[in-house]
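I have placed the structure first, in the form of C-alpha coordinates, so that the comments after it can refer back to it.
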Amino acid sequence: MTDDVSRETPSVPDVARRVFASDRLSLAERFVELLAGDGVVRGLIGPRETPRLWDRHLLNCALLAQQVPLEATVADLGSGAGLPGVVLAIARPDLRVTLVEPLLRRTTFLEEVVAELGLDRVEVLRARAEALHGDRRFAVVTSRALAPLDRLLGWSMPLVEPTGALLAMKGSAVAEEITAAGPELARWGCATPEVLSLGADLGLAPTVAVRVVWADPGRVSWPIAAPRKRGGQQRRAGHARGTSNRRRGT
(Lines of atoms letter the chains of each structure in order from A and count residues from 1; the text may use other names and numbers.)
(Lines give C-alpha, C1' and ligand atoms only; values in the text may rest on other atoms or scores of the structure.)
Protein backbone atom coordinates (compact mmCIF):
# COMPACT_ATOMS: atom_id res chain seq x y z
CA MET A 1 0.00 0.00 0.00
CA THR A 2 1.41 3.38 -1.00
CA ASP A 3 2.09 6.30 1.32
CA ASP A 4 0.60 8.82 -1.13
CA VAL A 5 -2.10 10.59 0.86
CA SER A 6 -4.48 13.12 -0.65
CA ARG A 7 -3.87 16.73 0.36
CA GLU A 8 -7.57 16.90 1.05
CA THR A 9 -7.38 14.37 3.88
CA PRO A 10 -9.57 15.98 6.55
CA SER A 11 -8.29 16.72 10.03
CA VAL A 12 -9.65 14.80 13.00
CA PRO A 13 -12.87 16.40 14.28
CA ASP A 14 -13.26 16.85 18.03
CA VAL A 15 -16.26 14.52 18.12
CA ALA A 16 -14.06 11.65 16.89
CA ARG A 17 -12.32 11.73 20.26
CA ARG A 18 -15.68 10.95 21.87
CA VAL A 19 -16.51 8.15 19.46
CA PHE A 20 -13.15 6.32 19.33
CA ALA A 21 -11.18 5.34 22.44
CA SER A 22 -7.87 7.16 22.84
CA ASP A 23 -5.87 4.05 21.95
CA ARG A 24 -7.93 3.46 18.77
CA LEU A 25 -8.14 6.97 17.35
CA SER A 26 -4.77 6.71 15.61
CA LEU A 27 -6.04 3.63 13.74
CA ALA A 28 -9.10 5.56 12.62
CA GLU A 29 -6.85 8.41 11.44
CA ARG A 30 -4.70 6.00 9.45
CA PHE A 31 -7.77 4.41 7.90
CA VAL A 32 -8.94 7.85 6.75
CA GLU A 33 -5.54 8.38 5.15
CA LEU A 34 -5.74 5.03 3.35
CA LEU A 35 -9.24 5.79 2.08
CA ALA A 36 -8.19 9.25 0.91
CA GLY A 37 -5.11 7.83 -0.81
CA ASP A 38 -5.35 4.31 -2.20
CA GLY A 39 -9.12 4.22 -1.69
CA VAL A 40 -9.60 7.10 -4.11
CA VAL A 41 -6.92 5.92 -6.55
CA ARG A 42 -8.52 2.47 -6.77
CA GLY A 43 -12.01 3.87 -7.21
CA LEU A 44 -13.37 2.64 -3.87
CA ILE A 45 -14.07 6.15 -2.62
CA GLY A 46 -15.13 9.04 -4.82
CA PRO A 47 -12.73 12.02 -4.71
CA ARG A 48 -15.57 14.32 -3.70
CA GLU A 49 -16.10 12.19 -0.60
CA THR A 50 -12.61 12.84 0.74
CA PRO A 51 -13.47 15.99 2.73
CA ARG A 52 -16.41 14.12 4.28
CA LEU A 53 -14.64 10.91 5.24
CA TRP A 54 -14.93 11.54 8.95
CA ASP A 55 -18.50 12.76 9.31
CA ARG A 56 -20.18 10.90 6.46
CA HIS A 57 -18.28 7.63 6.64
CA LEU A 58 -16.18 6.84 9.73
CA LEU A 59 -18.24 8.50 12.43
CA ASN A 60 -21.62 7.26 11.26
CA CYS A 61 -20.26 3.72 10.87
CA ALA A 62 -18.68 3.89 14.33
CA LEU A 63 -22.06 4.80 15.84
CA LEU A 64 -23.25 1.35 14.82
CA ALA A 65 -20.72 -0.18 17.22
CA GLN A 66 -22.84 0.70 20.25
CA GLN A 67 -25.55 -1.63 18.90
CA VAL A 68 -23.27 -4.70 18.73
CA PRO A 69 -23.03 -7.03 21.77
CA LEU A 70 -19.75 -7.58 23.59
CA GLU A 71 -17.33 -10.00 21.87
CA ALA A 72 -19.82 -10.67 19.08
CA THR A 73 -19.04 -12.26 15.75
CA VAL A 74 -19.88 -9.89 12.90
CA ALA A 75 -20.26 -10.44 9.16
CA ASP A 76 -20.13 -7.27 7.07
CA LEU A 77 -21.75 -8.01 3.71
CA GLY A 78 -20.62 -6.16 0.59
CA SER A 79 -17.87 -4.60 2.68
CA GLY A 80 -16.43 -2.60 -0.23
CA ALA A 81 -13.93 -0.12 1.21
CA GLY A 82 -14.48 -1.48 4.72
CA LEU A 83 -17.56 0.50 5.69
CA PRO A 84 -18.81 -0.29 8.25
CA GLY A 85 -16.78 -3.49 8.89
CA VAL A 86 -13.28 -2.04 9.30
CA VAL A 87 -14.63 0.86 11.34
CA LEU A 88 -16.39 -1.56 13.70
CA ALA A 89 -13.14 -3.49 14.13
CA ILE A 90 -11.30 -0.27 14.95
CA ALA A 91 -13.91 0.99 17.39
CA ARG A 92 -14.49 -2.40 19.01
CA PRO A 93 -11.36 -4.56 19.30
CA ASP A 94 -13.40 -7.18 21.18
CA LEU A 95 -15.32 -8.09 18.02
CA ARG A 96 -14.46 -10.78 15.48
CA VAL A 97 -15.30 -9.30 12.09
CA THR A 98 -15.59 -11.07 8.74
CA LEU A 99 -15.52 -8.75 5.72
CA VAL A 100 -17.50 -10.41 2.93
CA GLU A 101 -16.86 -8.93 -0.51
CA PRO A 102 -16.97 -10.66 -3.94
CA LEU A 103 -14.76 -8.29 -5.96
CA LEU A 104 -11.02 -8.99 -6.04
CA ARG A 105 -9.87 -5.36 -6.21
CA ARG A 106 -11.87 -4.61 -3.08
CA THR A 107 -10.71 -7.64 -1.12
CA THR A 108 -7.11 -6.81 -2.06
CA PHE A 109 -7.56 -3.33 -0.61
CA LEU A 110 -9.25 -4.74 2.50
CA GLU A 111 -6.45 -7.25 3.08
CA GLU A 112 -3.88 -4.47 2.85
CA VAL A 113 -5.86 -2.27 5.24
CA VAL A 114 -6.24 -5.10 7.77
CA ALA A 115 -2.49 -5.79 7.66
CA GLU A 116 -1.57 -2.11 7.81
CA LEU A 117 -3.76 -1.49 10.85
CA GLY A 118 -2.86 -4.75 12.58
CA LEU A 119 -6.49 -5.85 12.92
CA ASP A 120 -5.79 -9.46 13.90
CA ARG A 121 -9.44 -10.27 14.67
CA VAL A 122 -10.58 -9.43 11.14
CA GLU A 123 -11.04 -11.94 8.32
CA VAL A 124 -11.36 -10.95 4.66
CA LEU A 125 -13.51 -13.34 2.67
CA ARG A 126 -13.84 -13.06 -1.09
CA ALA A 127 -17.33 -14.44 -1.62
CA ARG A 128 -20.96 -13.57 -2.06
CA ALA A 129 -23.15 -13.83 1.00
CA GLU A 130 -25.01 -16.82 -0.46
CA ALA A 131 -21.78 -18.82 -0.54
CA LEU A 132 -21.72 -18.78 3.26
CA HIS A 133 -25.28 -20.01 3.70
CA GLY A 134 -25.34 -23.31 5.57
CA ASP A 135 -21.73 -23.03 6.76
CA ARG A 136 -21.39 -19.83 8.81
CA ARG A 137 -23.45 -18.08 11.47
CA PHE A 138 -22.90 -14.72 13.16
CA ALA A 139 -24.27 -12.77 16.09
CA VAL A 140 -24.61 -9.68 13.90
CA VAL A 141 -24.79 -9.26 10.12
CA THR A 142 -24.14 -5.70 8.93
CA SER A 143 -24.35 -3.85 5.64
CA ARG A 144 -24.37 -0.30 4.34
CA ALA A 145 -26.42 0.79 1.33
CA LEU A 146 -26.12 -2.72 -0.09
CA ALA A 147 -29.67 -3.44 -1.25
CA PRO A 148 -33.33 -2.76 -0.40
CA LEU A 149 -34.43 -4.53 2.75
CA ASP A 150 -36.62 -7.10 0.98
CA ARG A 151 -33.63 -8.36 -1.01
CA LEU A 152 -31.20 -7.96 1.89
CA LEU A 153 -33.20 -10.38 4.05
CA GLY A 154 -32.50 -13.31 1.71
CA TRP A 155 -28.76 -12.67 1.78
CA SER A 156 -28.50 -11.93 5.49
CA MET A 157 -30.97 -13.94 7.58
CA PRO A 158 -29.45 -17.38 6.76
CA LEU A 159 -26.28 -16.07 8.44
CA VAL A 160 -27.96 -14.71 11.59
CA GLU A 161 -27.80 -16.79 14.77
CA PRO A 162 -31.11 -17.54 16.54
CA THR A 163 -30.49 -14.74 19.05
CA GLY A 164 -28.60 -12.54 16.58
CA ALA A 165 -29.62 -9.63 14.39
CA LEU A 166 -29.35 -8.08 10.97
CA LEU A 167 -28.13 -4.50 11.45
CA ALA A 168 -28.33 -2.53 8.21
CA MET A 169 -27.43 1.11 7.72
CA LYS A 170 -30.19 2.84 5.77
CA GLY A 171 -31.28 6.23 4.49
CA SER A 172 -34.35 8.41 4.82
CA ALA A 173 -36.54 5.92 2.92
CA VAL A 174 -36.21 3.23 5.59
CA ALA A 175 -39.93 3.31 6.45
CA GLU A 176 -40.87 2.70 2.83
CA GLU A 177 -38.34 -0.15 2.62
CA ILE A 178 -39.83 -1.82 5.68
CA THR A 179 -43.33 -1.55 4.23
CA ALA A 180 -42.20 -3.01 0.90
CA ALA A 181 -40.39 -5.83 2.71
CA GLY A 182 -43.49 -6.88 4.65
CA PRO A 183 -44.11 -10.11 2.71
CA GLU A 184 -40.43 -11.12 2.89
CA LEU A 185 -40.26 -10.39 6.61
CA ALA A 186 -43.24 -12.68 7.14
CA ARG A 187 -41.85 -15.44 4.90
CA TRP A 188 -38.53 -15.45 6.74
CA GLY A 189 -40.17 -15.41 10.16
CA CYS A 190 -38.73 -12.07 11.23
CA ALA A 191 -40.03 -9.81 13.97
CA THR A 192 -41.12 -6.26 13.20
CA PRO A 193 -37.96 -4.30 12.33
CA GLU A 194 -36.69 -1.66 14.73
CA VAL A 195 -35.54 1.66 13.26
CA LEU A 196 -32.56 3.21 15.06
CA SER A 197 -31.54 6.86 14.90
CA LEU A 198 -27.99 7.29 16.17
CA GLY A 199 -25.70 10.22 16.86
CA ALA A 200 -28.04 12.96 18.05
CA ASP A 201 -26.43 12.93 21.50
CA LEU A 202 -23.10 13.80 19.85
CA GLY A 203 -24.50 16.62 17.76
CA LEU A 204 -24.12 14.61 14.55
CA ALA A 205 -26.58 14.26 11.70
CA PRO A 206 -28.71 11.18 12.48
CA THR A 207 -27.39 7.84 11.30
CA VAL A 208 -30.33 5.59 10.47
CA ALA A 209 -30.14 1.83 10.82
CA VAL A 210 -32.67 -0.97 10.94
CA ARG A 211 -32.42 -3.98 13.22
CA VAL A 212 -34.14 -7.23 12.23
CA VAL A 213 -34.31 -10.28 14.51
CA TRP A 214 -36.05 -13.63 14.36
CA ALA A 215 -39.66 -13.62 15.61
CA ASP A 216 -39.21 -17.02 17.28
CA PRO A 217 -35.51 -17.82 17.87
CA GLY A 218 -36.39 -21.24 19.26
CA ARG A 219 -37.67 -22.39 15.88
CA VAL A 220 -34.59 -21.36 13.89
CA SER A 221 -32.46 -24.29 12.69
CA TRP A 222 -29.69 -24.90 10.12
CA PRO A 223 -29.22 -25.20 7.27
CA ILE A 224 -31.91 -22.60 6.70
CA ALA A 225 -34.03 -23.20 3.63
CA ALA A 226 -35.29 -20.17 1.76
CA PRO A 227 -39.03 -19.91 2.42
CA ARG A 228 -41.28 -21.10 -0.37
CA LYS A 229 -42.78 -18.41 -2.55
CA ARG A 230 -46.28 -18.96 -3.84
CA GLY A 231 -46.02 -20.89 -7.09
CA GLY A 232 -42.25 -21.19 -6.74
CA GLN A 233 -39.73 -23.78 -5.68
CA GLN A 234 -38.12 -23.96 -2.27
CA ARG A 235 -34.39 -23.29 -2.36
CA ARG A 236 -31.99 -24.69 0.22
CA ALA A 237 -28.98 -22.72 1.30
CA GLY A 238 -25.79 -24.05 -0.25
CA HIS A 239 -22.35 -24.56 1.23
CA ALA A 240 -19.68 -21.90 1.23
CA ARG A 241 -17.46 -21.74 -1.81
CA GLY A 242 -15.71 -18.46 -1.06
CA THR A 243 -11.99 -17.94 -0.59
CA SER A 244 -10.93 -16.89 2.89
CA ASN A 245 -7.80 -14.86 3.46
CA ARG A 246 -7.09 -14.10 7.11
CA ARG A 247 -4.56 -11.33 7.42
CA ARG A 248 -2.80 -10.63 10.70
CA GLY A 249 -0.81 -7.59 11.59
CA THR A 250 2.63 -7.65 13.13
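Cβ atoms are placed via backbone N, Cα and C, with glycine included.
It should be emphasised that the depicted structure is a prediction, and the values quoted were computed from it without experimental measurement.
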According to Swiss-Prot, G78, L83, A129, E130 bind S-adenosyl-L-methionine; which of R92, R96, R144 is also listed for that site?
R144
Near G78 (S-adenosyl-L-methionine binding site), how many other Cβ atoms are within 10 Å of its Cβ?
22
Between any two of G78, L83, A129, E130, R144, the residues recorded as binding S-adenosyl-L-methionine, what is the biggest Cα to Cα distance in Å?
20
